[in-house]
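**Student:** Quick one: the structure is below, questions incoming.
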Amino acid sequence: VGNYKRTVKRIDDGHRLCNDLMNCIHERARIEKGYAQQLTEWAKRWKQLVEKGPQYGTVERAWCAFMSEAEKVSELHLEVKGSLMNEDFEKIKNWQKEAFHKQMMGGFKETKEAEDGFRKAQKPWAKKLKEVEAAKKAYHAACKEEKLAISRETNSKADPALNPEQLKKLQDKVERSKQDVLKTKEKYEKSLKELDNATPQYMENMEQVFEQCQQFEEKRLRFFREVLLEVQKHLDLSNVASYKNIYRELEQNIKTADAVEDLRWFRANQGPGMSMNWPQFEEWSADLNRTLSRREKKKASDGVTLTGINQTGDQVSQPNKHSSSVSVQSNTVQSVQSSYNPFEDEEDTGSTVSEKEDNKIKNVSSYEKNQSYPTDWSDEESNNPFSSTDANGDTNPFDEDTPPTMEVRVRALYDYEGQEQDELSFKAGDELTKMENEDEQGWCKGRLDNGQVGLYPANYVEPIQ
């Protein structure tokens with residue numbers, strides 16, 4: 001009696017499982033969206049670096065084909081995200097709403113119907129079972145009383161001080177006990193027989209309600225299987241024709257890379273094959289050939305803006321795509337830094353501190369490779385205020401105002417649990433080392449005593465005096 005509650009609970013479990021499946025699909029959709037965004041950002045940044053870099057010709061086109069591949073794959077993963085949320089997620093949500101109906105007093109209508117059905121089917125049998133239990137209890141009590149009466153009678157026979165009248169009462173007690181045993185036994189057997197007769201009908205009624213619950217659960221199980229198959233189709237890009245075409249096209253672009261063709265192009269445009277401008281006799285002209293004095297040269301160089309200076313200090317850049325400027329690369333680094341927001345949810349691309357540092361290094365190193373070379377020559381290098389003996393850019397005259405990073409020991413005021421991979425977790429009272437000062441968003445970079453480096457909220461700690 002009452003064991004049907006496991007079947008009734010399964011209905012509530014079915015509603016909760018719908019929520020679990022929707023959460024599962026939602027998290028996968030966020031992963032697909034984040035991956036697509038990271039691919040797009042990666043492709044945009046590296047396409048810019050390769051186009052401005054020293055690579056040329058067919059190999060450059062083959063290299064850029066990887067960025068085109070990333071952009072196309074990013075679009076496919078955004079389509080996967082859209083299918084998961086707009087089709088699968090919504091389908092489960094609508095089915096759950098149609099299958100489970102909430103009541104005003106809480107719970108679901110389907111759960112209450114199953115509960116009432118089982119209770120109604122079990123009520124007559126449970127009533128007879130209660131009668132059987134009562135009859136059994138009465139019979140066992142009568143048997144116990146009979147045994148006690150017989151024991152008293154047997155003991156009284158051995159007692160010479162007991163008068164015949166008292167002995168007669170004990171014997172009468174034994175007789176009454178035997179009669180009670182017979183009556184209660186008969187009643188017990190009768191109620192048990194009635195229970196046995198009611199059992200088939202009871203089993204039929206209970207099984208009927210149980211089958212209704214089985215049918216309801218079968219609909220949910222079949223629906224889940226159907227949805228999971230649709231999710232599998234949306235995730236399986238191996239059967240998408242456009243996905244295969246992306247890599248077929250990528251392979252073709254790579255195979256078109258021709259070293260001989262690139263060397264021929266470089267010879268024709270940058271080597272002996274390029275058009276020469278040999279010195280020729282020129283007539284003097286006061287307007288066209290006015291020369292600059294050393295003082296005028298110096299003034300002209302003083303007027304050059306930062307965006308027109310390359311890192312090697314060359315005053316004239318090559319008029320082609322290989323020329324670059326400090327301002328362009330600085331913007332590139334700044335865009336990488338600003339692309340990370342620890343408070344973002346679905347828009348968060350999941351980049352870590354180490355990844356941001358790598359991005360800075362990649363941008364700077366690419367800029368070093370993009371140095372342009374002078375088209376003229378001069379033995380008056382001392383006239384260039386930006387020239388330096390350090391040609392590799394190890395020292396930068398513009399970094400003089402940058403304050404050195406000071407490491408400070410701080411103590412945690414509150415518990416903090418890191419929400420992202422690049423965040424630290426600590427308890428109130430823990431000590432750590434602050435490595436960088438607070439940024440505009442209120443975050444500091446620090447290091448725990450176990451060596452872990454990451455971000456933490458600046459207002460969660462205080463300096464150790």
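Residue numbers in this text run from 1 along the chain shown.
Note that Cβ sites are derived from N, Cα and C of the backbone, with glycine treated the same way.
TrEMBL does not curate its annotations; it predicts them automatically.
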**Student:** What range among 71-102, 167-198 does TrEMBL describe as coiled coil?
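**Tutor:** Among 71-102, 167-198, the range TrEMBL annotates as coiled coil is 167-198.
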**Student:** Over the coiled coil (167-198), what is the model's average pLDDT?
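**Tutor:** So the average pLDDT across the coiled coil (167-198) works out to 88.
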**Student:** With helix taken as DSSP H, G or I, strand as E or B and everything else coil, how many residues of the domain 'SH3' (405-465) land in each class?
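**Tutor:** Looking at the domain 'SH3' (405-465) with DSSP, the answer is 3 helix, 27 strand, 31 coil.
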